[in-house]
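Annotated features in TrEMBL:
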- 1-40: region 'Disordered' (REGION)
- 10-26: domain 'Nuclease associated modular' (DOMAIN)
- 34-50: domain 'Nuclease associated modular' (DOMAIN)
- 62-184: region 'Disordered' (REGION)
- 74-87: compositional bias 'Basic and acidic residues' (COMPBIAS)
- 95-111: domain 'Nuclease associated modular' (DOMAIN)
- 101-116: compositional bias 'Basic and acidic residues' (COMPBIAS)
- 123-142: compositional bias 'Basic and acidic residues' (COMPBIAS)
- 132-148: domain 'Nuclease associated modular' (DOMAIN)
- 152-184: compositional bias 'Basic and acidic residues' (COMPBIAS)
- 166-183: domain 'Nuclease associated modular' (DOMAIN)
- 216-232: domain 'Nuclease associated modular' (DOMAIN)
- 242-266: region 'Disordered' (REGION)
- 242-252: compositional bias 'Polar residues' (COMPBIAS)
- 284-358: region 'Disordered' (REGION)
- 284-295: compositional bias 'Basic residues' (COMPBIAS)
- 338-347: compositional bias 'Basic residues' (COMPBIAS)
- 348-358: compositional bias 'Basic and acidic residues' (COMPBIAS)
Amino acid sequence: MDIPRPTANGGFTHTNASRAKISAANKGKTPWNKGKNRSEEVRARIAAGVRARNRERLLKKLEEMGLTEEEYEEQKKEEKRKREAERRARKTANGGYTPTEETKAKISKALKEKHASGQVKKRQLDPSKVRRGFTHSEETRRKISASLKKRWNNDDEYREHMKESYSKANSREETRRKISESLKRRWSDPEFREDMTKKMAESRNGREAINYDSSYRKKISEAMKKKWQDPAYREKTLTSIQQAAQNRTGETSPHRTKKKKSVTKSVDMQLITPLSATDLVRRKKKVVAKKKRSVRNVAVTPMEPRKASSSRSKLKGATRMSHHEQLGDDQLADLPKKNAKAKRKRKSSNEKDGSVSRLREERRDLFDLLYGDDDSLLVDDINQEDMGGISEESTLSKLGIVFGDEDLDAFDPYGLDDY
C-alpha cells in the first residue's frame, strides 16, 4: 500500500502521490544552490557530522560483537592478510588472477540470466575466418608449447579431455570433409607437392629414423630406470604385461585334428604249391590217352628249355608288385577293361620265340594237339588276378611260378616221354 511510513529520525516518507505533486511544483524553477561552492567551514561541518554518525555505528557494532576496538582492528588485519595471500596464490604468470569458485558461480549465474533474457546472444563465428593470417612470435610460440606440454604431462584430466575432444572433432563428417578439401587444395599447389615429395623421399622410417648411439641408449636407460622406481608405474606395467599374455593365450587357434589317412588294402598273394615233375608226366599221359591224337605228320618247332633260376626263393616279376599293392580292392575292381585287347597284342608281340603263350595265340591247332583241352585251362587260369599283380611277360615265367623253376629242366612240352 502507498502510505507514509515513519522514519528513524521521527518523520514520515513521501507517498507516490506526494512525490508527483512536489515534482510538478518544482518543474521550471532553478535550484537555490545552483553554481554555488561550499565554503571550507561548511565542508568541515558536514565531514564532522558524517564521522560522528559512522563512529556511532561502529560502537554499536562492537557492542553487538562483544569486542573491543583494538581486538576488532587486529581481526581486520588478519582477515586482510589471509585475503591477500589467497589472491597472490591465484595470480597467473601474465599478471591476472584466477577467479575463485564463488566468483565463478556469480559470473555463471549472471551470464545465464542474460542469455535467458536475450541480452547476450551466442556469436556465430566461422572458425576458418577467425584471426586469419595472424601468427604468434617465436617467443610466444615457445611459451605456449612449454605451457601445454607441462599441463599435458601433469594434468591427467586435461589430457583425457583433450584426447576425447580430438577424437570427437575428427570423427565428424563435416570436419573430415573440411580436412580433405584443405589437403586436396594444398596438394594442388606445385611447390607444396614438390616440397612434400622431397621430404617423403628423404624421410627415414622405423629403426633407420633413430640414431642408436651410446648417448641415446644411455638416456633411454636412465629414463626407464627412473620410471621403474615409481611403484605405481611398476604395478601398472606388470599388470598390462600379464593381461597381454593372457589375451594372447586366449586368442590361440583351436587344435586341428589330423585327418586319418586312408589305408589301402594290399592284394593278398595266394600261395600255390608247385607241381612235381612226376605229376606233370602223369598228367600228360592222361591227356594223350584221352585225345589219342597223332603227331607224326605235324611240323614242330623245337623250343629250348628255360634255364633254372639261380635264386629259388625269389619269384620273377615280384619287384613290379608295388603299384598294385598300393591300390585298394575298389580301385582294382575299377581298372579299365578297354585296354585288355591292346595288352594282349602287346603281349604277343613281346613274347620270345618258342613261348607257349605265343604258340597258343598263333597256332591254336598245334597247341590243342600238344597240350589238349585240359592243358589250355592251365594257361587260362594263370592271369593277372591269380598272380597278385605279377606282370605277364611270358607264359614260361607263369609256368615257372606254378611248377617251380627247378622242374622246368624236366618239363616235356611235346609229350615225347609218352612214346
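Each Cβ is built from the backbone N, Cα and C atoms, and glycine gets one as well.
Applying DSSP to the domain 'Nuclease associated modular' (34-50) sorts its residues as follows: 11 helix, 0 strand, 6 coil. Only residues 6 or more beyond the boundaries of the region 'Disordered' (1-40), in the same chain, are considered here, and those with a CB under 8 A from a CB of the stretch are 46.
Under DSSP, the residues of the domain 'Nuclease associated modular' (10-26) split into helix, strand and coil as follows: 11 helix, 1 strand, 5 coil.
Residues of the compositional bias 'Basic and acidic residues' (123-142) grouped by DSSP class, helix first, strand second and coil last, total 8 helix, 0 strand, 12 coil.
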